[in-house]
Amino acid sequence: MTNIRKTHPLMKIVNNAFIDLPAPSNISSWWNFGSLLGICLVLQILTGLFLAMHYTSDTATAFSSVTHICRDVNYGWIIRYMHANGASMFFICLFMHVGRGLYYGSYMFLETWNIGVILLFATMATAFMGYVLPWGQMSFWGATVITNLLSAIPYIGTNLVEWIWGGFSVDKATLTRFFAFHFILPFIIMALAMVHLLFLHETGSNNPTGISSDVDKIPFHPYYTIKDILGALLLILVLMLLVLFTPDLLGDPDNYTPANPLNTPPHIKPEWYFLFAYAILRSIPNKLGGVLALILSILILILMPLLHLSKQRSMMFRPISQCLFWILVADLLTLTWIGGQPVEHPYIIIGQLASIMYFLLILILMPTASTIENNLLKW
């Protein structure tokens with residue numbers, strides 16, 4: 001008799017995705033982040049669900065309800081901080097996952113890559129709306145500044161902003177709709193993640209060499225299941241270290257002050273994972289130009305397959321491209337630092353140079369390096 005996991009309609013799907021899936025024998029720990037993102041998503045949905053049971057999306061009580069969760073709800077503080085720091089872990093895993101894709105040429109799986117970019121946008125939108133919910137100073141002013149960017153759109157801008165606000169400023173209507181969207185989006189993300197996986201399993205995984213691994217496959221279980229469990233344990237270890245020892249390390253102290261439309265904080269800045277994009281936005285003096293640069297800084301990922309001019313898929317055997325890749329990483333770290341600094345003398349020019357460098361590296365320098373490496377192969 002055939003094993004039930006290979007015949008049962010539901011178990012068959014799980015079996016083909018996580019048990020008998022043929023996987024390359026040489027994928028490194030950089031391939032762990034997909035499963036870690038899945039764990040992060042489930043964790044965020046569960047902690048978010050329990051937070052939603054006690055949260056009220058009304059401007060008068062939102063801040064108090066978060067305080068109530070932390071002080072009066074059994075283990076509410078740990079749920080709240082797991083959710084807040086879980087978002088940070090989510091983005092760390094996302095950036096590593098995207099970086100892996102760029103380094104090893106995984107973007108050549110077009111459908112998988114494009115769904116991934118959509119997933120990135122959806123996750124960023126969810127995180128932004130979630131940051132507004134506690135209704136602290138940075139929540140309110142962050143929402144005001146970022147939604148206001150839409151007013152840069154010619155002709156329909158102002159109407160669009162007021163439509164999103166549900167009034168003439170960020171208020172009760174805005175908070176309520178943001179809560180509704182923040183609740184529904186993770187489930188859409190989950191559905192998209194399944195499509196992401198579906199497309200990936202059409203082609204099979206890439207591997208560090210970028211060469212077809214059809215000649216040497218191993219079953220996903222037990223090899224990669226045990227590897228994923230190790231990754232998950234490390235993820236939970238880091239998350240719980242953050243939650244239990246320094247829960248507010250990555251937060252903003254201003255968010256412990258209730259939202260006040262009459263008092264603007266001296267430095268409005270988003271959560272750390274948006275700072276690189278925020279720095280690019282601020283480095284362009286023109287409002288519309290800044291908004292376009294902000295969107296393009298992430299949308300540029302869609303162009304990666306077009307910008308791939310190398311005869312080799314992976315960067316494993318391409319030293320010049322490797323060097324440029326790590327310069328790009330350093331550049332993004334620089335932008336992240338600049339995004340959190342005030343808009344004054346040394347920081348403005350550093351931000352502008354780092355922004356130019358970012359687009360220059362991706363659009364010009366890396367494709368040029370690829371062609372140079374192609375020619376070096378002929379020698």
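Including glycine, each Cβ sits where the backbone N, Cα and C put it.
Annotated heme b b562 binding site per Swiss-Prot: HIS83, HIS182, in sequence order, evidence recorded as similarity to another entry. According to DSSP, HIS83 (heme b b562 binding site) sits within a helical segment.
Taken from Swiss-Prot, the feature heme b b566 binding site covers HIS97, HIS196. Within 10 Å of the C-beta atom of HIS196 (heme b b566 binding site) sit 21 other C-beta atoms, taking all shown protein chains into account. In this structure, HIS196 (heme b b566 binding site) is part of a helix by DSSP.
In the three-state DSSP reading, HIS201 (ubiquinone binding site) counts as helix. Cβ neighbours within 10 Å of HIS201 (ubiquinone binding site), excluding its own Cβ and spanning all shown chains: 14. Sequence annotations record features per position, and here Swiss-Prot assigns ubiquinone binding site to HIS201.
Distant neighbours of the transmembrane segment (33-53): 69, 79-80, 82-83, 86-87, 89-90, 93-94, 96-97, 100, 182-183, 186-187, 189-190, 193, 228, 231-232, 235; these residues of the same chain sit at least 6 beyond its ends, with a Cβ under 8 Å from one of its Cβ atoms. If you look up Swiss-Prot, you'll see 33-53 (among others) marked as transmembrane segment, on the strength of similarity to another entry.
For 77-98 (among others), the entry in Swiss-Prot reads transmembrane segment.
According to Swiss-Prot, the feature transmembrane segment maps to 113-133 (among others), an assignment based on similarity to another entry. For the transmembrane segment (113-133), same-chain residues at least 6 beyond its ends with a Cβ under 8 Å from one of its own Cβ atoms are 55, 57, 62, 66, 87, 90-91, 94, 98, 101, 106-107, 139-140, 142-143, 146, 174-175, 178-179, 181-182, 185-186, 188-189, 192-193, 195-196, 199, 270-271, 273-274, 298-299, 301-302, 304-305.
Marked as transmembrane segment by Swiss-Prot: 178-198 (among others).
Sequence-distant contacts of the transmembrane segment (226-246) (same chain, six or more residues past either end, CB-CB distance under 8 Å): 29, 32-33, 35-36, 39-40, 78, 81-82, 85-86, 88-89, 93. The transmembrane segment annotation in Swiss-Prot covers 226-246 (among others) and is backed by similarity to another entry.
For 288-308 (among others), the entry in Swiss-Prot reads transmembrane segment.
Swiss-Prot lists 320-340 (among others) with the feature transmembrane segment, giving similarity to another entry as the kind of evidence. Beyond the transmembrane segment (320-340), the same-chain residues lying 6 or more positions past its ends with a Cβ under 8 Å from any Cβ of the stretch are 99, 102-103, 269-270, 272, 274-280, 282-283, 310, 347, 350-351, 354-355, 357-358, 361-362, 365-366, 369-370, 372-373.
Proximity of distant same-chain residues to the transmembrane segment (347-367), defined by a Cβ-Cβ separation under 8 Å and at least 6 residues beyond the stretch ends, is recorded for 279-280, 282-284, 293, 296-297, 300, 303, 307-309, 321, 324-325, 327-328, 331-332, 334-335, 338-339, 341. Swiss-Prot lists 347-367 (among others) with the feature transmembrane segment, giving similarity to another entry as the kind of evidence.
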- Message: If I restrict to non-local contacts, at least six residues apart, and a C-beta distance under 8 angstroms, what lies near HIS83 (heme b b562 binding site) in its own chain?
- Response: GLN44, THR47, GLY48, LEU51
- Taking the Cα atoms as reference points, how far is HIS196 (heme b b566 binding site) from HIS182 (heme b b562 binding site) in Å? 21
- Query: So for HIS97 (heme b b566 binding site), how many other CB atoms are inside 10 Å of its CB?
  - Reply: 20
- Item | Same-chain residues at least 6 apart in sequence whose Cβ lies under 8 Å from HIS182 (heme b b562 binding site) | GLY48, THR126, MET129, GLY130, LEU133
